[in-house]
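S.K.: Below you'll find the structure I mean.
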Amino acid sequence: MIFPIFFTFFLLLSTTHASVQDFCVADYKAPDGPAGYSCKKPAIVTVNDFVYSGLGIAGNTTNIFKAAVTPAFAAQFPGVNGLGISLARLDLGPGGVVPFHTHPGASEVLLVVQGAIIAGFVASDNTPYLKTLKKGDIIVFPQGLLHFQVNGGDTPAIAFPSFSSPSPGLQIVDFALFKNDLATELIAQTTLLDAAQIKKLKGVLGGTNKVY
């Protein structure tokens, strides 16, 4: 009899803990804490803190990847701070690609609203999962796994990724390897890539060749 009562009390305690306060609008002027942005005082919170209008504008895809991501993370949209959610807009021009990348802090759901997008991820056992998505299709990318998006048509494509964190984080594999100052020889040894190709990619992505 005691155990069910204790379990029920514990369950109620754990499920109500998250609602101690209604929200934690990001205060960009206050010092950051270990969990991220500090909370703005409720007295100065307005409805504008909970509204973001930036996703209605197409991103600039005139870059090497022909892609643009417009984020509505806690850094841009103070109202999502502390809520465990965020959103973004993805624009892919013809031939556009979002190269292999990972979000260390969140899972992602991608909704395609225009065009066709080849999207997929690679599981930790190196099994790939990919599919061509069309308008109205969604795909989920589990937290921390490498994934990608490629425009699968001849026209611009648009998608809206949502995340299970207000600050999902991002690491792009190409940038991690070639937009840095690691020695070309070291990258060649650890990736089995040709040194000439590494130097070319460093030149394209803005990396340097530091000698250690």
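A Cβ is built for glycine as well, from the same backbone N, Cα and C atoms used for every other residue.
According to TrEMBL:
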type	residues	note
BINDING	His101, His103, Glu108, His147	Mn(2+) binding site
BINDING	His103, Glu108	oxalate binding site
DISULFID	Cys24-Cys39	disulfide bond
DOMAIN	53-199	domain 'Cupin type-1'
SIGNAL	1-18	signal peptide
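Could you tell me the structural context for the features on the list?
M.R.: Long-range C-beta contacts of His103 (Mn(2+) binding site), restricted to its own chain and to partners at least six residues apart, with a cutoff below 8 Å, comprise Phe141, Gln143, Gly144, Phe163, Ser165, Pro168, Gly169, Leu170.
Per-residue pLDDT, averaged across the domain 'Cupin type-1' (53-199), gives 97.
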S.K.: Measure from the CA atom of Cys24 (disulfide bond) to the CA atom of His101 (Mn(2+) binding site) and give the result in Å, rounded to a whole number.
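M.R.: On Cα coordinates alone, these residues lie 29 Å apart.
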S.K.: Taking only the Cα atoms, work out how far Cys24 (disulfide bond) lies from His147 (Mn(2+) binding site), in Å, as a whole number.
M.R.: 31
S.K.: Counting only other Cβ atoms and using a 10 Å cut-off, which of the binding-site residues His101, His147 scores lowest?
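M.R.: Across His101, His147, these binding-site residues, the one with fewest Cβ atoms within 10 Å is His101.
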